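Student: To start, I am sharing the structure in question, which I have written as structure tokens.
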Amino acid sequence: MKNRLFYFIPYSLWLILFVGAPIVLMLGESFLSISHHFTLANYQDFLGSGTYLQMTFNSVWYAFLITLITLIVSFPTALFLSNLKYKQFWLLLIILPTWINLLLKTYAFIGLLSKDGSINHFIELLGFAPQQLLFTEASFVLVAAYIEIPFMILPIFNSINEIDRSLINASYDLGATKWQTFRRVILPLSADGIRAGIQAVFIPSLSLFMITRLIGGNRVITLGTAIEEHFLVTQNWGLGSTIGVVLIIAMIITMALTRERKKRGRK
Amino acid sequence: MVEKQSRWANVYLVIMFLILYSPIFYLIFYSFNAGQYMQNFSGFSLVHYGELFADDRMLQIVLNTFVVALLSSLLATIVGTFGALGIFSVRNSFLKNLLLSLNNILLVSPDVIIGASFLIFFTLLGLSLGFGSVLMSHIAFSIPIVVLMVLPKLNEMNSSLIDAAQDLGANSWQVLTRVILPYLTPGIAAGFFMAFTYSLDDFAVTFFVTGNGFSTLAVEIYSRARQGVSLEINALSAMMFLISLALVAGYFFINQHNTTRKSKKGRGRG
């Protein structure tokens with residue numbers, strides 16, 4: 001086709017300008033000092049001081065907790081949903097909250113978790129003293145998990161939904177118990193969905209910064225928060241870019257670990 | 001064939017739905033509060049909706065948000081569709097996979113990275129931050145999803161359609177506008193739609209590249225929420241909820257349209 005080149009002009013411009021250039025620039029910026037000279041100081045700062053390493057470790061730990069909670073809650077949901085009669089409709093209802101702006105959902109929790117808010121009223125009803133809920137690590141993890149749940153349910157649901165029902169029936173016919181069927185048939189066959197879900201939740205969890213600000217009240221600092229801080233508050237773009245490079249590396253590692261494994265089916 | 005679920009499974013699902021929806025309905029509920037806070041409901045009132053519609057700044061920002069969403073999704077759809085046509089025409093499978101991987105980079109990148117790297121890029125070019133930089137960023141991060149929506153349609157297209165058109169004397173422009181594009185319309189519509197919602201939903205990228213003078217809804221809500229609760233935001237979120245419902249209905253309609261077209265085709269053949 002001779003139009004091929006013509007098709008490619010706007011698209012390749014986009015590839016070069018908005019995919020290639022920004023990443024290269026960020027990598028370059030991470031080697032620049034504030035006065036725009038080449039330096040390795042940013043990396044020395046990052047690796048040398050315990051604070052940044054501690055922050056990175058915390059960020060990964062929080063992301064791990066968020067992913068774990070989301071997975072534990074989402075898997076049964078996806079499984080039960082797949083048995084419902086109008087499952088596509090119910091799935092749509094699960095996805096609907098993701099269409100509501102993230103900021104609005106987070107904002108709701110400022111009201112729910114506040115000192116005089118509904119959750120504290122509920123705690124009082126149970127006979128406990130009201131707690132400081134907002135601006136704690138726990139509230140950050142729970143709100144982030146709340147936001148991410150649909151993104152975990154969707155891929156798991158899709159993989160469970162693709163399982164051939166006759167495999168499950170066969171397993172029962174051959175005398176497997178419910179648990180055995182789950183453990184030996186459903187779980188392995190939905191592994192790709194779980195991997196995709198982990199990928200979809202873990203990477204954003206590393207970089208969330210508005211939830212840390214609004215709900216975590218600066219007590220929680222993730223990689224995303226640190227990047228935002230360096231770019232928009234302290235204006236130290238070099239160090240911000242260095243943390244950005246670390247985040248990109250973390251992302252690549254996550255993707256490599258959760259890659260679909262195609263070879264295993266053979267056996 | 002589907003074995004009956006235990007009652008506990010359904011109880012679990014009900015609890016999940018309650019958890020997912022209660023914050024949203026909580027927000028909407030308090031938008032009708034006569035008081036000033038998101039607690040202690042003191043009576044029904046529409047006063048916060050009145051405030052919202054009298055708030056020129058907020059209305060301007062709502063308008064900004066929709067203008068950016070509409071323009072960016074339109075342009076992203078055009079570039080993305082051409083991109084999909086380009087990728088489709090590549091025969092070399094290594095090159096094709098490479099292009100697809102590059103295409104997906106912005107889809108998997110954390111939005112903080114996209115925002116920060118675009119900020120560096122725009123500053124280097126000497127572009128002033130504002131409407132232009134926000135619009136360009138939204139176009140940029142919407143293009144890959146359009147490609148992913150259009151490409152499957154291209155792959156399922158029967159290539160003899162193109163051969164037939166060429167045999168009948170159509171030039172390549174006619175083949176494109178009379179045969180290929182009409183066939184791709186459902187995919188293009190879905191791509192446009194996804195791009196639109198991506199743009200409406202975005203906070204982090206916009207936050208980085210927006211500068212001082214220009215603001216979108218998400219950024220504005222963030223800065224207001226940092227100052228504390230204002231029930232005007234609740235009123236706004238109730239309106240946004242309605243818009244989301246309308247968008248979902250729209251998406252459902254597009255999907256439905258696609259499947260009926262498909263089944264019609266099936267019937268015609270069989």
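Quick reminder: no glycine exception, Cβ is built from N, Cα and C everywhere.
Annotations in TrEMBL come from automatic prediction, not curation.
TrEMBL feature annotations, pasted as is:
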- A:7-28: transmembrane segment (TRANSMEM)
- A:56-258: domain 'ABC transmembrane type-1' (DOMAIN)
- A:60-82: transmembrane segment (TRANSMEM)
- A:89-113: transmembrane segment (TRANSMEM)
- A:133-157: transmembrane segment (TRANSMEM)
- A:193-216: transmembrane segment (TRANSMEM)
- A:236-257: transmembrane segment (TRANSMEM)
Student: Which of A:60-82, A:89-113, A:236-257 has the most Cβ pairs closer than 8 Å to the transmembrane segment (A:193-216)?
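Tutor: Answer is A:60-82, with the largest number of Cβ pairs below 8 Å.
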Student: Do at least three C-beta pairs under 8 angstroms join the transmembrane segment (A:236-257) to the transmembrane segment (A:89-113), pairs 6 or more apart in sequence?
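Tutor: Since fewer than 3 Cβ pairs under 8 Å link them, the transmembrane segment (A:236-257) and the transmembrane segment (A:89-113) do not come into contact.
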Student: Give me the stretch from A:7-28, A:89-113, A:133-157 with the greatest number of Cβ pairs under 8 Å to the transmembrane segment (A:60-82).
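Tutor: Result: A:133-157.
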Student: Which residues of the same chain, at least 6 past either end of the transmembrane segment (A:133-157), have a Cβ under 8 Å from a Cβ in it?
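Tutor: Same-chain contacts beyond the flanks: 62, 65-67, 69-71, 73-75, 77-79, 81-82, 87, 91, 94-95, 97-98, 102, 105-106, 109-110, 113-115, 117, 119-120, 190, 193-194, 196-198, 200-201, 204-205, 208, 211-212, 215-220.
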